[in-house]
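Chemist: TrEMBL feature annotations, pasted as is:
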type: BINDING; residues: N7, E42, D192, N194, D305, H306; note: Mg(2+) binding site
type: ACT_SITE; residues: Y151; note: active site
type: ACT_SITE; residues: D192; note: active site, proton donor/acceptor
type: SITE; residues: N194; note: site 'Transition state stabilizer'
type: SITE; residues: D280; note: site 'Important for catalytic activity'
type: ACT_SITE; residues: H306; note: active site, proton acceptor
type: COMPBIAS; residues: 388-398; note: compositional bias 'Basic and acidic residues'
type: COMPBIAS; residues: 429-440; note: compositional bias 'Polar residues'
type: COMPBIAS; residues: 462-474; note: compositional bias 'Basic and acidic residues'
type: COMPBIAS; residues: 486-504; note: compositional bias 'Low complexity'
type: DOMAIN; residues: 557-618; note: domain 'GRF-type'
Amino acid sequence: MRILTWNINGVRTIPQYHPWNTLESHDAILDKLEADIICFQEMKSSRQTLPKSVALPPSYDSFFSFPLKKSGYSGVATYTRIATVTPVKAEEGITGLIQPKPPFTPEERVSRYENYPPQLMYNDELDYKHLDSEGRAVTVDFGLFVLINVYCPNDGTGTDERDKYKMDYHRVLSERVRGLQEEGREVIVLGDINACAAVIDHCEGNIMVARGKAAGMEDEDGFWERECRRWLRDWLQTKDGTGGPLIDIVRRFWPGRKGMYTCWNTKISARETNYGTRIDYILITPGLLPWIKAADVQQDVKGSDHCPVFVDFHDEITGQDGQVIKLRDVLGIKANSGGKKEPPRLAAKFWEEHSGKQTSLRSFFGKNKTVDQAAIASPTYQLSAPDQRNKPEARIEPDSLTLSPSSHEHTPPISQTPSLSVELPTPSPTQTSSDVSTVPQPLKRKITVEKYSSQSASKKAKPSEKKTDKKGKNDPGQAKLSSFFNKPNTPQSSSSSTLNKSSTSSQILEESIIDEDTFILYDAPVSSQASSTGTANGDEIKQVWNNLLAPVQPPNCIIHGEPAKEFTVNKPGPNKGKKFFICSRPVGPGWDRGKAERLREEVDLTYRCNFFRWSSDWRKQAKQMESRASISSAKHGR
């Protein structure tokens, strides 16, 4: 059996990646992960917006927790393969305060009432229900162990209020595990813990240690400045068996493995160089160690800014008494007398919208009224207008209109229903009204379309007339592309009516008020004949467009002298949508994040430098350079 955890960064995100976009259903996506218990974090959905195919995949039972207030934020999901295991109990959250309707009975609860955090911590200052209101955990009892699928708060905005929320949640989670252990239960805590457990789990861990030592700290204290890291470190059991109650099972299998990261900043393409952190874990109590066969991360699986982490169980083990214990005998609920295994009441299959208790909206708002079917079997609506007497009646089928309950009694004027638009057919010259026969129907309605006829008549295209100017002369139109940007003609002598190309370019450089894209239009080479006649041949026009649409060569970064890479601002704000250039090298430990965030002695020039330039500024500079070069060549050519 395999248990897998994955922060998917939105349930709608996965189908956008390969190979998930080749699969036809959410059930197929779950099958592709090849696990029996699948735990997702950051569903970023809600119960109201969750597609039925995601809520009820045919091969799995599902359990969800969504935020009570913030829709499309946080959220966790646990799927269990029906053919492998059926949970014994399940509940939302870690405090025991989030209850369905009706509330859980003591038999349905995972723990005894006194073993939940509010009764264990004796801290009246904590708002336990608020801590559990963001859809961050689902607790499922599998008999052999209790599994807590959790999405711990991240550092967020870095405010004191949010930092306090993060640490309060960590402490409540610790107490939940302690309460389960006091009941003699084995526990698995998995998911996105949003903290690093060791220096080796952070791509810049060694830099933090060195920075701390430079500031007078000892050993690794520079890395452990954050309280959340110290909490996770103290919660885990060390190699010698001392420390906290839980074992980092993946690190236990790979004790010295570097670069075993599970999360990357995709905005800076950090995954390409494995510049990341390990913040996704599977933590187990020591009693489950004999069952564990393997554990690892799946860095090659794409679809999110995180990667999956899994643990495999043996199918059977030999107990201390020498007896063979099969996993299927101690895992999950046993079948009832009818041979069926029903999941706990928290399962999505028991939601009202999926259980058949809640029917359609029509039945929700009232009973259907009996309608005389013979009266509306095939009604014909007759449209007439003063200027349409010789045209056949327009027939509208019943399915094309929606009638109100009182439509048989009263027909509103067409002016009151402007949404109805009917196009009347035009008969051929040889066709007369007698050629079209209509069958009398039980229901007919006369609809006056005079208003629409007048509107449509006013919109009919008039015969095209040749454009003339105010003096009655023919307008020659736009002779060339560059003339669109020229100033209007003013009366002047023929000697001053034409400007040469060099003087025009010089004026552009001096004024510097024309958009950079316009330089191409003014600098486009046009023959003297074309300039005088106002026309240009095909090659010249093609050259103008080629210059206009040609991509601007990127600038070189200052440090490496290599072509920069262009990006677009996606963050909401005044610069959203603007393009910019930065160094094209990948990020890595010691990459230059700027003097404000990176000490100069920590910079590693192997990776990205801090080169930055707005694309608009560079385009303007590039066009100005091109114009200067053109003017210079023109002067030297005289």
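Just so you know, glycine gets a Cβ as well, placed from its N, Cα and C.
Unlike curated records, TrEMBL annotations are generated automatically.
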Chemist: Using Cβ-Cβ distances, find the residues under 8 Å from H306 (Mg(2+) binding site) that belong to the same chain and are at least 6 apart in sequence, listing them in sequence order.
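Modeler: Sequence-distant Cβ neighbours: W6, N7, I8, N9, D192, T262, C263, D280.
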Chemist: To see if you understand the setup: which same-chain residues, six or more apart in sequence, place their Cβ under 8 Å from that of N194 (Mg(2+) binding site)?
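Modeler: Within the chain, N194 (Mg(2+) binding site) has Cβ neighbours under 8 Å at Y151, C152, P153, N154, D155, K166, C228, I279.
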Chemist: Given the recorded Mg(2+) site (N7, E42, D192, N194, D305, H306), which additional residues of the same chain have their Cβ within 8 Å of the Cβ centre, ordered by sequence?
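Modeler: Neighbours found: N9, Q41, Y151, C263, I279, D280, S304.
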Chemist: Which one of these recorded positions has the most other Cβ atoms within 10 Å of its own Cβ: E42, D192, D280, D305?
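Modeler: Answer by Cβ density within 10 Å: D192.
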Chemist: Taking the Cβ of Y151 (active site) as centre, how many other Cβ atoms lie within 10 Å?
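Modeler: Cβ-Cβ neighbours of Y151 (active site) within 10 Å number 25.
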Chemist: Across the domain 'GRF-type' (557-618), what does the mean pLDDT come to, as a whole number?
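Modeler: Its mean pLDDT is 89.
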Chemist: Using a 10 Å radius around its CB, how many other CB atoms surround N7 (Mg(2+) binding site)?
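Modeler: The Cβ of N7 (Mg(2+) binding site) has 25 Cβ neighbours within 10 Å.
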Chemist: Is it possible to list how many residues within the domain 'GRF-type' (557-618) are helical, extended or coil according to DSSP?
Modeler: 7 helix, 12 strand, 43 coil
